[in-house]
Amino acid sequence: EVEEPKTKISASTAEASSSRISSAKMTADGTIKLGDQSPLKQSEKDHPVSWDFKLVQSLRNEYADERYISRSAMLDQEMNVVNLLELIDNLQRLGLSYHFEDKIRSILSGIYNTIKMRNPEGLYATALEFRLRRQHGFYVPQEIFESFKDENGDFNHSLCEDLKGLLYLYEASYLEKENESNLEMAREFTAKHLKKILKEKRIDQELEALVQHALELPLHWRMMRLEARWFIDIYEARSDRNPILLELAKLDFNIVQAIHQNDLECTLRWWSSTGLAEKLSFARDIMVENFFWTVGTISDPQHGNARRLLTKVAALVTAIDDVYDQYGTEDELELFTSVVERWDVNSIDQLPDYMKICFLALFNFVNEMAYDALKEEGVNIIPYLRKAWADLCKAYLQEAKWFFSGHIPTLQQYLNNAWTSISAPLVVVHAYFCVDYPINKDHVEYLEKCHKIIRCSSMIIRLANDLGTSPESEVLKSADVPKSIQCYVKETGACEEKAREYLRFLIIEAWKQMNEAQTVDSPFSSTFKGFAVNVARMGQCMYQHGDGHAHQNSEPRDRILSLLFEPISSFA
């Protein structure tokens, strides 16, 4: 039972507290090299925590108050559906669509007509319908855009006069599946002309912000909770805003933020109880960042238990990653991997002290999660969780072996291991047992075969990680575990920029397969499939401006503050 916090603070106090938090510094040292330049994993330098946990636990805003929740329900009743497609789009971007999931699906299921009937509505409406229906798993053929081409099969240049339509076609193109040349052409055509229009300043201020935002990262790739915070400000400045919808969005954001703060407080108490921060002084102590990851993957308020469990998973992954990446010797790592694989608590006396507490923390967490599943669902999930952790540790061990030997694998060898070592498959397996009820053994076996949506999600986050954590000009000199850029450069002889370009191409290809996997029938719930997609989105988000997970530059910190600690200001 979560104890009711004794301290509530206003938005202004939260802002002041947040500025104190943001002044904290964090360093994350990689591999150390001695004077002889031999690789050394043992690190005696502690990692200072990146957030003041006592201050974090005191943060509250008044929007957890019951009267705001009641007001939110009242606003729901007052809403009028005027333009269905635009309303659905606004609900999604404002972070409100989870209130109306069944209604939205019913609407999208009912509005589809033949291609010829939709085309007269113009590029904007056609692109919007295409994007929304594909997002929700409905079949929509790429040929819906054929009528917007000229006799040569190219998109009509007259479309450039419809800036909003051009923008929405650009966003729709990122719902592309494999072998959809129309959408690939659409993406290239729209990106080229939107950049030109921006450069020539032939655009109004309201649309300019949307275009710049989309060109930086398309909507389909964005973390939706963060997008909601950004879009609320954009929507408020619009002349056609719906004041009821705007107020509901602000209230809902603040209410959900208060719920998230409560979840964070619970996980901070758990983390403190493990003692890992004190015993593993070499490891990163980044619970707030771990929680931010989880919020990005499953933010809806009703999934609090899943958020808390998955944040614990992320914390254990971070600690074990640092054992392999920063501290353990090769012999120690082989021994730890063996103990995890055998799941043998009686063997921990063979481990050094820092590994004993690490394994016991993992062992206790998995058994506790499995106990709850057995009690509530009657299913023993320990074998599945054991396998997921063993697979992760074996992938970490392979990377450590490459490091100690100085070996740089081929790109394919690297990726075959790295899509597991990024930890996404492990997180997704745990998520299944948090969000898909009742647990079905046949579904779990299907999950164990690594359904395409899981592999694609993992590959996207791995490639985004490698692009973000490999600073330009430093990547080829790194003494760390080789990343995909080094592997590609060594294998092909290409320059670093060509390697980055190829990785960006692989990300687009993985998204195509992900889009396909979302529309194919599978035994998984829409919530679970959405989680897998959101894992990929978090990869794009966290590594968009470098390594937002490990190094606290201003952009990731500002995002965390706005999402977790700063309520939206009071209404006029």
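Using the three backbone atoms N, Cα and C, a Cβ is placed for every residue, glycine included.
Per Swiss-Prot, (2E)-geranyl diphosphate binding site is recorded for ARG284, ASP321, ASP325, ARG462, ASN465, and the stated evidence type is similarity to another entry. Sequence annotations record features per position, and here Swiss-Prot assigns Mg(2+) 1 binding site to ASP321, ASP325. Marked as Mg(2+) 2 binding site by Swiss-Prot: ASP321, ASP325. For ASN465, THR469, SER473, the entry in Swiss-Prot reads Mg(2+) 3 binding site, with the evidence type similarity to another entry. For 8-28, the entry in Swiss-Prot reads compositional bias 'Low complexity'. What Swiss-Prot records for 1-45 is region 'Disordered'. Taken from Swiss-Prot, the feature motif 'DDXXD motif' applies to 321-325, supported by a curator's inference. Feature annotation from Swiss-Prot assigns transit peptide to 1-27.
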How far apart, in angstrom, are the most distant Cα atoms among the (2E)-geranyl diphosphate-binding residues ARG284, ASP321, ASP325, ARG462, ASN465?
19
To the nearest Å, how far is the Cα of ASP325 ((2E)-geranyl diphosphate binding site) from the Cα of THR469 (Mg(2+) 3 binding site)?
14
Rank aside, I only need the closest one: which of the binding-site residues ARG284, ASP321, ARG462 has its C-alpha nearest to that of THR469 (Mg(2+) 3 binding site)?
ARG462
If you draw a 10 Å sphere on the Cβ of ARG284 ((2E)-geranyl diphosphate binding site), how many other Cβ atoms land inside?
26
Where does the mean pLDDT land for the motif 'DDXXD motif' (321-325)?
96
With DSSP as the yardstick, break the motif 'DDXXD motif' (321-325) down into helix, strand and coil residue counts.
5 helix, 0 strand, 0 coil
Of ASP321, ASP325, which of the binding-site residues has the most Cβ neighbours inside 10 Å?
ASP325
With every protein chain in view, how many other Cβ atoms are within 10 Å of the Cβ of ASN465 ((2E)-geranyl diphosphate binding site)?
22
